[in-house]
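Notes follow once the structure below has been shown.
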Amino acid sequence: MNQWEELQESVGFDFKDVELLKQAFTHSSYVNEHRRENVKDNERLEFLGDAVLELTVSNYLFNKYPDMAEGHMTKMRAAIVCEPSLVEFAEAVHFSKYVRLGKGEEKAGGRTRPALLADVFESFIGALYLDNGIDKVVTFLERVIFPKIDAGAYLQTVDYKTQLQEIVQRDRDVLIEYDILGETGPAHNKAFDAQVIVNGQVLGKGSGRTKKQAEQSAAQFAINQLTHR
């Protein structure tokens, strides 16, 4: 059994177009190093998967919480499809082992980079939608995401920066700093990378469509680090 057969068995779906599945796990760095192979990266599938994920999660929340206000559903959806949550979902189904990376990206630790794993999860959703249809996407989410919603994991939408401050300042005074590490993407679709530093130690990194979202993402990763020690 090769890795793609193993992956299909793991997720419980057979792909009619296995090349589409491979593309979902192909980072641009791999494409740059294998130009003669005529392979495609997963960026377009990520774009599609992002939209499919928002639709399916929105539909689930709409039906599960018939009396919930639009604003609250919007906050819940944002918590579900944010980068830290997507990384958690990707790790739960062991997606990192299947990612195709260039040698440089591999050496730089790309296989465990949060933004990369989040992108792979979205690109897989895009590929699954194209190959198997929306019903199979829902079936997959019924295993990976919807049980967490049912358990109430996202009912309390949190300001992660405030929560982090409350956690680290319980016993002592500390200095919390946020740094914007850089930005990527075109002007109309930028992504920002941020890190949070507590008393000189980097505790979390994250990214987002705005600087504030990136800082919130970094704070959420820091909280996960502190609460799982």
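Including glycine, each Cβ sits where the backbone N, Cα and C put it.
Small disclaimer: the values here were computed from a predicted structure and weren't measured.
The annotation in Swiss-Prot ties Asp119, Glu122 to Mg(2+), and of the candidates under consideration, Glu43, Glu46, Glu54, Glu183, the one tied to the same site is Glu46.
Between the alpha carbons (Cα) of Asp50 (active site) and Glu122 (active site) lies a span of roughly 5 Å.
Within 8 Å of the centroid defined by the CB atoms of Glu46, Asp119, Glu122, the record's Mg(2+) site, lie the Cβ atoms of Asn42, Glu43, Leu45, Phe47, Gly49, Asp50, Ala118, Val120, Phe121, Ser123, Gly126, excluding the listed residues themselves. Secondary structure at Glu46 (Mg(2+) binding site), taken from DSSP and collapsed to helix, strand or coil, is helix.
Same-chain residues at least 6 positions away in sequence with a Cβ under 8 Å from that of Asp119 (Mg(2+) binding site) are, in sequence order, Asn42, Glu43, Glu46.
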